[in-house]
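As given in Swiss-Prot:
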| type | residues | note |
| --- | --- | --- |
| BINDING | GLY9, LEU10, SER11, GLY12, GLY13, VAL14, ASP15, SER16, MET35, GLY124 | ATP binding site |
| ACT_SITE | CYS100 | active site, nucleophile |
| DISULFID | CYS100-CYS198 | disulfide bond |
| SITE | HIS125 | site 'Interaction with tRNA' |
| ACT_SITE | CYS198 | active site, cysteine persulfide intermediate |
| SITE | GLN349 | site 'Interaction with tRNA' |
Amino acid sequence: MTKHRVVVGLSGGVDSAVTAHLLKQQGHEVVGIFMKNWEDDDDSEFCSSRQDFLDAASVADVIGIEIEHVNFAAEYKDRVFAEFLREYQAGRTPNPDVLCNAEIKFKAFLDHAMRLGAEKIATGHYARVRQNPATGLFELLKGLDPSKDQSYFLHRLNQAQLSKTLFPVGDLHKTEVRRIAADIGLPNAKKKDSTGICFIGERPFREFLNRYIQHAPGPILDDRGRKLGRHVGLSFYTLGQRQGLGIGGVKEKGAQRGAGDHAPWFVARKELETNTLRVVQGHEHPWLLSHRLDAQDASWIAGHPPAAGACAAKTRYRQQDAACTVLAAQGDAFSLQFPEAQWAVTPGQSAVLYDGEVCLGGGVIAAVNG
């Protein structure tokens, strides 16, 4: 195995810690970098960056590597957070983790690592990279642990980025990662996984978004046009949402709806022109199901779109691959047709294409059709 100078993104979590350990065990020259990418709430109870850095520094000490603290807050706010807000203001539901990976972890961080003389970078993502011997192209593969696979969030990476990237824990299951961490005495072996917005942390989302986006309350209507209540602003809702609608006590009587007295309500549409939130009763309501989507701002790992034909796709993280047909893929736009109806396909989220375990790339969902 060729030995490299590898810069590892140490987040303070167990996955990146084991990543650094494995690389050092393989004989690589390993340096750690802790990225601070959000500083608006440094004194907030929800900001964990101080503790995360202390955890990362403790890990570096146990493993025996140097660690550097680097601030990418300006880049994050300009390249990721500004787009995140624009999408919400346009009534869509963005996925900041996808953009953060493409713009910060595998661009700003990669560039910084190269300036430090790195030959490779590594992160604790559950994914894999291989070079196809027939084409010479680098491929992004799903992580071996299906419950932790993060290729969905990495689908915007390109050939240059993948050629410089290592994902050591992509060949492991999470239980193995925690066992390794415990065996070598890492102080964060039992630290829980983070689940908040990329780099912003775990905080009440509506309260957080309210600080940055103007909101206009409006009516909540059902599929018949009946008024059920008022929403607090369309930006605060996403398609398929069930909790937090404030209409839990409004139940439709009668069997004619086919949903029953106590069937839950789901967000089905956001009508920006009239500032109206549309909700429907029942998980399988036709308004929640679609067979086709159109996507834009596509990025293809091989550098070109896949040919029209049979494929598989995810329209949300952790979703099982859904069989589909690529109807057209030209430039940065493509369309998919699904033989089985997909539930709550959401504009702003990513549609990511797969050929078996190989991630082909994807784009941002722009429109859906029944």
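Here the Cβ of each residue, glycine as well, is placed from N, Cα and C on the backbone.
Here the features listed in Swiss-Prot are painted onto the structure.
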residue: GLY9; record: ATP binding site; contacts (Cβ under 8 Å, 6+ apart): SER16, GLY32, ILE33, PHE34, MET35, LYS105, PHE109, ILE121, ALA122, THR123, GLY124
residue: SER11; record: ATP binding site; contacts (Cβ under 8 Å, 6+ apart): PHE34, MET35, ASP52, ALA56, GLY124, SER194
residue: GLY13; record: ATP binding site; contacts (Cβ under 8 Å, 6+ apart): ASP52, ASP55, GLY124, ASN188, LYS191, ASP193, SER194
residue: ASP15; record: ATP binding site; contacts (Cβ under 8 Å, 6+ apart): GLY124, HIS125, TYR126, VAL169, VAL177
residue: GLN349; record: site 'Interaction with tRNA'; contacts (Cβ under 8 Å, 6+ apart): THR93, PRO94, ASN95, THR315, ARG316, VAL364, ILE365
DSSP three-state assignment (helix, strand or coil) for ASP15 (ATP binding site): helix
Among the ATP-binding set GLY9, LEU10, SER11, GLY12, GLY13, VAL14, ASP15, SER16, MET35, GLY124, as the record gives it, the longest Cα-Cα distance in Å: 15
DSSP three-state assignment (helix, strand or coil) for MET35 (ATP binding site): strand
Where the residue listed as 'active site, nucleophile' sits in the secondary structure, as DSSP reduces it to three classes: helix
Collapsed DSSP category at GLN349 (site 'Interaction with tRNA'): strand
